[in-house]
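Participant: Dumping the structure here so I can ask a few things about it.
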């Protein structure tokens with residue numbers, strides 16, 4: 001089932017942003033979302049203002065994570081949007097956040113989500129302890145800067161890795177890497193959904209094999225798998241598996257995430273995409289976003305520039321032709337985000353091939 005809502009476009013007409021119903025049966029997810037990860041990870045007034053403007057322009061799906069340090073500015077922007085009348089209530093938005101690896105332990109999942117949603121005394125206590133002990137000051141301080149919401153629409157396991165509790169940092173010390181106890185962590189994720197703290201649960205950066213393992217133990221299946229998808233990393237095998245299992249693919253780095261620690265410039269420098277963009281009178285970014293959309297994936301694009309935010313919405317009333325789609329399908333594949341920070345000779349994954357189960 002697909003629903004739509006109207007938002008302003010670069011013209012006087014209105015565009016409709018499709019929504020997809022998730023397997024959880026909860027609120028539909030808009031298929032175009034705004035990412036909030038800025039590297040190095042840091043909150044800023046620029047971020048808060050850009051998110052508020054995005055809401056005014058019609059964005060309704062926002063992606064954050066504990067590690068991004070963007071939960072607080074997102075929460076502030078939402079509150080301001082309600083006060084200003086840009087939206088009537090938070091319920092008009094679809095908000096995703098993610099469980100960081102240091103909280104990917106069965107007993108830490110619920111407290112982590114509680115910190116993400118609202119400031120509470122336990123988080124403040126940890127923050128104070130960190131200040132006293134030095135090292136801990138950088139760990140929990142930003143966890144207290146949260147969304148000030150009653151619930152998430154989607155909560156994801158950020159990576160299929162655990163790390164020692166108490167650190168929120170990337171890259172993390174290799175000695176902190178631990179195998180994830182998927183059974184206990186997913187059971188806690190399911191409890192978060194049953195408690196109503198999140199409407200849906202899912203995963204990020206999971207291979208087909210890891211999804212198979214999770215599905216074999218889950219009472220509530222993951223509704224979403226958020227992974228890297230772009231014309232240079234098309235994820236056909238993973239997408240086919242997800243479609244068959246009722247798992248919605250959500251694409252990050254649709255333009256390759258140039259300038260981040262996890263991205264490359266290969267997508268933006270691709271001659272095939274440049275030629276298609278020139279022929280259609282579109283930006284290369286719009287070609288990437290339209291291609292992802294035509295795969296049936298949700299797509300997350302991050303820009304704090306108003307012109308580009310509008311351009312990112314302007315990809316629904318046109319389509320790639322068969323020749324263009326064929327040319328894109330023939331682009332040599334190169335994965336940009338290898339996740340090497342999670343690879344260690346003494347850790348749970350000794351190589352990128354092990355982390356991605358050969359899907360690389």
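From the backbone N, Cα and C atoms, a Cβ is placed for every residue, glycine too.
TrEMBL feature annotations, pasted as is:
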ACT_SITE  68  active site, proton donor
BINDING   158  substrate binding site
DOMAIN    32-331  domain 'NADP-dependent oxidoreductase'
SITE      98  site 'Lowers pKa of active site Tyr'
Participant: For residue 68 (active site, proton donor), what is the tally of other C-beta atoms lying within 10 angstroms of its C-beta?
Facilitator: 25
Participant: Which whole number is the mean pLDDT over the domain 'NADP-dependent oxidoreductase' (32-331)?
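Facilitator: Within the domain 'NADP-dependent oxidoreductase' (32-331), the model's average pLDDT equals 90.
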